[in-house]
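Features of the protein shown, as given by TrEMBL:
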- A:11-401: domain 'FAD-dependent oxidoreductase 2 FAD-binding' (DOMAIN)
- A:16-21, A:41-56, A:Asp216, A:Glu384, A:400-401: FAD binding site (BINDING)
- A:Arg292: active site, proton acceptor (ACT_SITE)
- A:578-598: region 'Disordered' (REGION)
- A:589-598: compositional bias 'Polar residues' (COMPBIAS)
Amino acid sequence: MSEAFETVHADVIVIGAGGAGLRSAIAAAQANPAAKVALISKVYPMRSHTVCAEGGAAGVVQAHDSLENHFNDTVSGGDWLCDQDVVDYFTHHATEEMVQLEHWGCPWSRKEDGSAAVRRFGGMKIERTWYAADKTGFHILHTLFQTSLQYPNIHRFDEFFCTDLIVDDGRCQGVIAIEIKTGDIKVFLGKAIVLATGGAGRVFRFNTNGAIVTGDGMSMAYRAGAVLRDMEFVQYHPTGLPGSGVLITEGCRGEGGILLNRHGYRYLQDYGLGPETPIGKPENKYMELGPRDKLSQAFWHEQRKGNTVPTPLGDAVMLDLTHLGEAKLLQRLPMICSLARHYVGIDPAKEPIPVRPAVHYTMGGIRTDIHTQTEIAGLYAAGECSSIGLHGANRLGSNSLAELLVFGKVAGEQAADHASRQPPCNNDTLLSFAKDKVAELTALREQKGTEKASRLRHEMAAAMEKAFGIYRLGDEMQTGLDTINELRARYKQVNVEDQSRVFNTEFLTTLELGSCLELAQVMATSALQRKESRGAHQRLDDYKTRDDEKYLRHTLMRYSPDGKPILDYEAVNITRSQPKERAYGAAGEQQNKQEGGS
Amino acid sequence: MTIPATDNTSETAPSKSEAGITLEILRYIPGTHSEPTFQRFEIPYVEDWSMLDALGYIKDELDSSLSYRWSCRMAVCGSCGMMFDGVPKLACETFLRDYYPRPIRVEPLENFGIERDLVIDQEPFLEKLESVKPYIIDAMANAPSGKPGAPAGHERETIQAGENRQTPKELALFDQYSMCINCLLCYSACPQFGLNPAFLGPAAISLAHRYNQDNRDQGNADRAPALNEEDGVWSCTFVGYCSEVCPKSVDPASAIQQEKVRGATDWALSWLLPKGAR
């Protein structure tokens, strides 16, 4: 029997209140001040994972830079799997979003003359990364959250955990949520829904992500009939702290930090990123300023060669910032200093920081068109949960904060516009649909099973790390997928021991695990089927190279009730940049010269 | 005894535990418990473990009903504030090794209502934050081509005119106060807030001060009523414990003192200057 629930009506419903969700809610509230915008989040907005972004947000601003440069860096960084119309829209609108944030009070770091400062970042030809010391995500999130407080038509529902989208007649018209504080179920009905629920890094064991990054929105959309795209592309950030995986920003290298192996050798020169640049004189797209996929892969090789440094928390390489001096470190990288001190007992002004790659970002997500519209009418997606086609096979650092602003705004405006053109919801049909879903939810909560969710979670994360890490092998991936499928079967027998209602985090983490397992299967299947190596998807079996003939295509995955995702592909939108060799360091320079580029 | 590594701890956590440590955690589940009581947990002692790792171990291995908020593990999301031996701290930045071998008492943040176990009711803080209007007011008037009182559609034009100038010196006037992660440790430390829950409190005042100090903002007068009323800055008796426990060195105590000075100056000026010139 289904339990009773309350219904909340809104025009636009935004799910997730991190950077993308808040930007979206503000855009919707501005576009139509008469519209009721419900902003639903499983945590208070300032706890959202955007808060952890450190290094910065990209937007062309210098006279000797150009939108074309940003376009080219993004497309080659993504190994040509980016939709180029989307990249163009993005580069054209990124800078105005940085300015907008500035007007809203974001404390961007400044140059002496008072203009905004930009720093170097990996894979970016010219410095264009706006930053607020090394807490850029924190400041963007708090600026957006605090700004959102002045819009009376944004109605926040903090600590409401969304479980299922309500789709009727081909239109998305609501969502079911648990009010965490009471355990009561609420049904939100609206005319347009924006998903801004973030990534799914917690599918993997060793990651830079917060506990909440469990792919709930991706899974909800997938189960409701939306398409997941390019899910095999999972980014390893080259510099996480050993043990915890806590992120050590790329901004460290942007400021001139260098990476050393156990012999004190700058090993990146052996991996197509050299020649070595002088210490204290970083050069864009050389050495430590190469893209994340290449740097993480170099670590893997160094580890195999026995060149990494064994530490009590596992193998590492050394990120040396000592030459930057204490004053600059405290000014530009204060949080890094504090994190290093607390979590590995190191003062970066005196000693190098041990680091190793950690899962950081899901390039793939819910497929949308350039207007953030998904397959389902009335459903939009923005930020890490979406796959709008910006990042391709490997995201460049500082493009994701810019993305959530640019496309968060688009999603909010699109949703507000869509909502204004919709007839009122047909309550009876929607509520009867909701009733069935609520009954499933109640059944799971009350189920007496035999499996422990925490156990399944550990096994999933370990299996994914083993089979779908920096390098992948066909037979290992098959074993990984088999394990995930077994875990999915065991999940059906999961037992929620805690039968109380108020703030029942065991039940919520069990639901999160369900989403993670759904996505793990999609990632694994997508990876196994992509028989080439591109960007963050690198194979060591028979498919070591990029195969544009067969795989210059996006992977699509559709949900099927029988538990086996349905695989398909679609063309990449290439407008003017034809695929070529990805080259960095001197090789990149050479390639530029041959093409007569600047 | 085998110690499975939790999601966020080292793969190299020792497989055999030589030593253990005791956590006494305040438990309260409405509808199940009639009142909060302490529950003892014996867990392995792992030198690298933060309190958050320890709580994760308990939740995964010993008692799945233990509830607490957490996310980032790196002291920036502000979720995991609690009391350790009576002192408010972030669980992710507090380590077993600093207490070992003594037992550790873990309680929810003081001065707040308990929703369950270590989870406190944060709603009162959100209301206080909102009441100080923590956003740039009248930014358009300051934007290069902006005009005071311009309608919302004007935004487009001001964006194209580019960013406001703000020198590093001007930034330094408020930067520190913008570092507040809303973790609420300062409210737990504040004896005044303990006595008077209506007190605006350290974090909300710091954030008001952050905007008041920002050269792009013209909202001082809009924030003055909340700051200067009885439960505003004047409730503070300058104990200063808020600044001591702040994990981000925001120094709310100094923000409050500066806002007191501003409030007193505005009051004095209100007698000296004709209306409208203030």
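Heads up, the Cβ atoms here are built off N, Cα and C, so glycines get one too.
Highest Cβ count within 10 Å among the recorded positions A:Arg47, A:Arg292: A:Arg47. When the binding-site residues A:Gly16, A:Gly55 are compared by the number of other CB atoms within 10 angstroms of each CB, A:Gly55 has the fewest.
Beyond its flanks by at least six residues, the compositional bias 'Polar residues' (A:589-598) meets 580-581, 583 of its own chain at Cβ-Cβ distances under 8 Å. One residue stands out among the binding-site residues A:Ala20, A:Val43, A:Val51 for having the most other Cβ atoms within 10 Å of its Cβ: A:Ala20.
Distance between Cα atoms for A:Ser400 (FAD binding site) and the residue listed as 'active site, proton acceptor': 13 Å, as a whole number. Summarising the environment of A:Ser400 (FAD binding site), the number of other Cβ atoms within 10 Å of its Cβ, over all protein chains shown, is 26.
By a Cβ separation below 8 angstroms, chain B lies close to these of the recorded positions A:Val43, A:Val51, A:Gly55, A:Arg292: A:Val43, A:Val51. Between the alpha carbons (Cα) of A:Val43 (FAD binding site) and A:Arg292 (active site, proton acceptor) lies a span of roughly 29 Å.
Using Cα positions, the member of the binding-site residues A:Ala20, A:Val51, A:Gly55 nearest to the residue listed as 'active site, proton acceptor' is identified as A:Gly55.
Taking the domain 'FAD-dependent oxidoreductase 2 FAD-binding' (A:11-401) as a whole, pLDDT averages 97 in the prediction. Residue counts of the compositional bias 'Polar residues' (A:589-598) by helix, strand and coil are 6 helix, 0 strand, 4 coil (DSSP-based).
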